[in-house]
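What TrEMBL says about this one:
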| type | residues | note |
| --- | --- | --- |
| DOMAIN | 22-70 | domain 'Ubiquitin-like' |
| DOMAIN | 285-325 | domain 'UBA' |
| DOMAIN | 357-397 | domain 'UBA' |
| DOMAIN | 417-456 | domain 'UBA' |
| REGION | 458-522 | region 'Disordered' |
| COMPBIAS | 464-479 | compositional bias 'Low complexity' |
| COMPBIAS | 501-515 | compositional bias 'Acidic residues' |
Amino acid sequence: MAKVKIAGTWAGVLEVELEEWTVPMLREEVAKRSNCGADSINLICAGKVLKDGDGTEKLTQLGVKNNAKILASRVCAEEGKSLGVELMAEEERSRRLTRVKAAATALAKRHAEGSLPVEDFNIEVEDQSGKTVHLGTETDQRAVMMGLMLHANAKQLIRRENYKDALEVLTMGEEAFSLCNSKVIELIDNVPILQIDMVWCYFMLRDIRWLSVAGARLEKAREGIERAHGKDSSRVTLLQAGRHPELAIHLRLELLEGVVAYHSGQFDKSRKALTSAQAKFFQLQVPDEALSLVMSMGFKERDAKRALQMSNQDVGSAIDFLVEEKAKRAQKREEDLRRKKDIMEQKKYGMTPLKKAVDLKTLNELVSIGFEKELAAEALRRNENDFQMALDNLTNPETNAAIQVDIESRKRKRQRKASEAAIEQLVQMGFEMSRVLAALQDGGTMEQAMHQLLSQSELNSSVAANNNPESEPNPTSSADNNANSSIPILPDAGGPSTASELEDRDAEMEDELAEELAKGDALTDYDIEVGKEGESITEYLALLESADNSEKASC
């Protein structure tokens with residue numbers, strides 16, 4: 001059961017089944033709680049008006065996710081209805097796009113510069129083999145990360161056929177990539193693929209005004225693709241062991257080149273491009289027999305189809321690919337768990353003065369020499385992970401002693417803060433201050449103290465039931481008991497708190513962007529359903545044939 005947050009005519013949280021509920025069902029529920037008719041309620045999510053359609057589309061198909069925010073507005077006069085809804089939808093859309101850019105900027109900044117992550121994951125740039133790569137300077141790395149995140153978000157919007165918003169986000173991604181050194185950008189194919197996606201959005205929006213711009217973008221895209229993939233995709237074929245993951249990208253590129261040529265009156269050029277695109281389209285059609293054979297070995301339909309398309313319908317090669325990908329995913333999960341553990345350890349040690357995380361490799365080198373881990377970590381934290389300076393501090397008796405005193409002082413401060421927070425939380429739950437202090441004084445964690453307090457409450461209730469109900473309560477107030485009470489100290493929960501954890505951030509949007517990246521792999525950019533492309537190829541070849549017939553008739 002998912003939750004959606006409603007604001008507007010009624011404010012609150014609704015529990016819904018995203019896979020089962022439709023827009024009319026959601027509208028009816030909101031209208032009921034707003035004390036008005038369903039016809040007078042409009043729903044806006046992510047800058048888009050949720051329309052009933054044929055009444056069968058589920059919320060999940062419309063891009064509504066768990067914890068989505070939905071604005072409910074009441075419409076009055078029919079004439080003013082459309083304008084009001086459009087204005088609110090545009091305002092919400094603009095706000096969301098601003099959040100997307102801000103979240104991508106913040107994530108890229110934190111993860112590119114080696115700051116101590118607020119999250120329990122790292123965002124890294126990988127090549128087609130899944131290996132982590134570092135491109136150019138820290139600025140270059142940040143620009144590439146931001147561009148990749150925005151591109152991934154735009155691809156999600158394209159899959160939902162929200163081409164207008166996708167185009168906005170792709171423009172942001174193009175701007176991010178432009179901040180990177182051009183020599184670095186030449187090494188990757190993400191930028192030319194982004195150009196193709198932008199022209200695809202123009203085409204899907206059927207906006208002829210972009211015709212001249214589309215042609216220039218496609219020229220850049222072809223140059224970039226050939227530079228990154230090699231002549232006739234030789235480099236990709238070599239890297240992918242003879243497979244052709246890029247085929248769908250080239251199909252879309254040639255289709256769009258054919259469309260631009262057609263609208264520019266270059267019919268021969270258009271026919272050549274469209275004919276080549278059509279050949280690739282037929283090449284990507286998967287025979288039912290091959291698909292059934294691969295699926296019978298336990299693979300999902302989508303994965304089996306993708307593998308066969310990349311392997312030129314060769315069943316053996318497709319199965320080998322699927323087995324390799326499964327092994328890569330398993331290895332990636334292990335690496336993610338290991339990295340998550342490392343991040344949790346780094347958070348214990350806090351940030352360096354320049355807000356970097358303590359380098360665990362350097363830390364382990366100091367520990368292998370014989371230094372205590374927490375002491376070595378603090379020496380590295382103070383010295384920006386400089387091994388020699390940290391070693392000098394640790395081998396100097398005075399500095400070493402000062403570091404130990406500082407560690408103990410901060411530990412006591414953390415413990416005191418944790419205790420004060422626990423006391424405040426337990427008192428807010430309704431427990432008397434004196435009993436809270438006594439429970440925490442016995443030692444243990446907050447959970448243990450709560451268990452003890454609950455046990456005492458049950459015991460006191462039982463005793464009270466057997467006593468005289470009119471007996472006078474103990475006149476000593478909890479305030480009197482508090483006067484001479486000292487605050488108990490809870491066990492230490494970790495190292496220095498990080499300033500970045502306290503920064504305001506759009507956690508919801510950042511998590512959404514990170515989730516989109518996590519769903520993908522090194523070949524996601526090439527993973528395109530080509531149904532719409534096939535229809536468009538047929539449409540424009542028919543237009544060319546019609547133009548030829550008209551020309552012959554006029555001769």
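Using N, Cα and C of the backbone, Cβ positions are placed for all residues, glycine too.
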With DSSP as the reference, give the number of residues of the domain 'Ubiquitin-like' (22-70) in helix, strand and coil.
19 helix, 12 strand, 18 coil
Could you please provide the mean pLDDT value for the domain 'Ubiquitin-like' (22-70)?
84
Count the residues of the domain 'UBA' (417-456) that DSSP assigns to helix (H, G, I), to strand (E, B) and to coil, and report the three numbers in that order.
32 helix, 0 strand, 8 coil
In the domain 'UBA' (357-397), how many residues does DSSP put in helix, strand and coil?
30 helix, 1 strand, 10 coil
Could you give the number of helix, strand and coil residues in the domain 'UBA' (285-325) as assigned by DSSP?
29 helix, 0 strand, 12 coil
